[in-house]
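Feature list (source: Swiss-Prot):
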type: REGION; residues: 171-245; note: region 'N7-methyltransferase activity'
type: REGION; residues: 246-428; note: region '2'-O-methyltransferase activity'
type: REGION; residues: 429-555; note: region 'N7-methyltransferase activity'
type: REGION; residues: 556-692; note: region 'GTase/RTPase activity'
type: REGION; residues: 693-835; note: region '2'-5'-phosphodiesterase activity'
type: ACT_SITE; residues: 718; note: active site, for 2'-5'-phosphodiesterase activity
type: ACT_SITE; residues: 720; note: active site, for 2'-5'-phosphodiesterase activity
type: ACT_SITE; residues: 797; note: active site, for 2'-5'-phosphodiesterase activity
type: ACT_SITE; residues: 799; note: active site, for 2'-5'-phosphodiesterase activity
């Protein structure tokens, strides 16, 4: 959903679009709630309130002020992520395909021969980090840039087994044009930047679990963040390999040698970060022209000093000369050294060439060892070739993708590796490594151990659901960790499957009720980003690959109307009720009937069940940004912080009724997951609320009316407005509450319209118009620890006779209250009041 705020209406008609006119009779929160539950994708919001826009954006729903038709067209034709704090729109707009154009935000790609392999007549355009270079395309009242690129396709091609790039690109573009936009993945780059900038301001120690290559630029500016990944491939791990021969396989049609060099250097930088938590000087020998240095500097400033007879235009200091072992004295501490020296083969005979390569490899190793032999805080990444050689057993082997699989690989060596024992590795084993192992991640840090960390803030996005992690340990970590943002896979199966297949692995599935957290927010992607100054135009969909975002230790926990709130909670219900169901009242009717309340007159106005809780349970797959457990808990301990707007607090019994309705709904849908969720929410309600039922009552509150429009033979026809189980010394407290509620009680618009047999031999009249006040007084009694109300549904009625009688229907008739009283069952009236 996207909300586009306009001061004036527009004459054009757009698909999937609705106009909403701000209702001045309602507060900003109610306007925001009504907007959030509209079922179309585009909302044109007229006469808008800035506060309403703020409320929507904090809820993760993109709401942007639009000044003219060009801005409107730009935002209505695509999806986007909105930085509402800085008024920046990040479009995810692929309409540039109509210019026969693909886009990249990696400068090095523009320096390759990739355009020779594009679709006929197509070109490649560099658009800068997150599309920053496109800002000049939009002369708007807000900052706008198009973050959409085709880098995902290019990188997927590089790691695939396909060689024909044109066919691969064509297939992926057609797929992009015929499937739903993976909005969370596109938006995630924007979110990660905001997230870690925000966390770094307030946390000295941050741990990041499971980063992948898509994050390789993000963390360059955060050397102190401790990374955990799948671990490195060590020299000693080659003992498992069988010997092989040279393969000579081409990986990419266009030259990706620069990509390999960039990944090698970035891998070395992160390895250095993990050891020393600071930025190093980057020394490079060879690898000219290294256009990718420009890409790194777009994200974070580094000092590059390079040696190569060829130009290296983006180096801070380039020496257009060869580097020799004796020159290592020029290299300072607190640095990394990348050695990529290799003479071009030219027309040299193969055997002679192999001899030269081996000599250069040994020379490279000598430079590396000489560099590491003195000083401190140093890491070296050195180019190697498959040959019989002795290597440190703890050195890290790299084989990032390159244009052709031949004889080369790379090795990271640090000070401890240099001093470690060496082992002989045969040439055939190294060929086996080169032929079969591709380094898929620039993060080669050791795996994360599932245990609580005392002073660290843990971030684990899409990293802990894999079934090689112990599920109970994942839950334990989330329950115990004081400060963290962790995601787990949402169980949106219908058979309550504990695992779901994903690519070539399995993920554990989770529900919010699996966690016993305190001071944490459990929400969706859009609910989470709202807390970090972002909103999104396309909300989470039940794709089967959805994740719960769990934030521990957030200062926004008690702000239930601002973040991870109830915005959009009825949207799925509206989509069904106003399109597919038997009546738009279907939800109200079902909730009453499933709780044995058969008086459906005015059910849409006076419903006996919390619609919020009911919708949050049965449609949890569609809207899990609303943190239901947090909402329940904060109400139970009376710590709700409401910023503004009219607010209705549910009685705990309303929540129980909602769970009962949700369970019956789940059974009818054969939805085992929702059935478990509803049962667990009901247990949670009973856990946090101390609900005691007056199933053996000794007092009741009665309402006597001036007149009853039916014949009766009971002594005093009255409405039993709830029963109590109290001691006599609590009577003054009950009377005090009745006096406190007197105005509201007498203001009730009570009506009746028919009679019916409540059970055998009990003829009663229906009563409408009292439930809202009943639940309100229930809450007051609950907070005063006075036992009020029974475990069965409260069905308002007036007993007329203890004989069997026919049903009578009359016009809706208002009943005027004569008095309200407290009376002992089978005893005397102890209190009465009149208007």
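Yeah, the Cβs are placed from backbone N, Cα and C, and that goes for glycine too.
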In the chain carrying residue 799 (active site, for 2'-5'-phosphodiesterase activity), residues 6 or more apart in sequence that have Cβ under 8 angstroms from it: 714, 717, 718, 758, 762, 763, 764
Model confidence over the region '2'-5'-phosphodiesterase activity' (693-835) (mean pLDDT, whole number): 95
Separation of alpha carbons, residue 797 (active site, for 2'-5'-phosphodiesterase activity) and residue 720 (active site, for 2'-5'-phosphodiesterase activity) (Å): 7
Residue distribution over DSSP helix, strand and coil in the region 'N7-methyltransferase activity' (429-555): 29 helix, 34 strand, 64 coil
Spatial neighbours of residue 797 (active site, for 2'-5'-phosphodiesterase activity) that are distant in sequence (at least 6 apart) but have CB under 8 A: 719, 758, 764, 765, 766, 767
Cβ atoms near residue 720 (active site, for 2'-5'-phosphodiesterase activity) (within 10 Å, other residues, all chains): 18
Neighbour tally for residue 718 (active site, for 2'-5'-phosphodiesterase activity), based on other Cβ positions within 10 Å of its Cβ: 21
Helix-strand-coil residue split for the region '2'-5'-phosphodiesterase activity' (693-835), DSSP-based: 31 helix, 56 strand, 56 coil
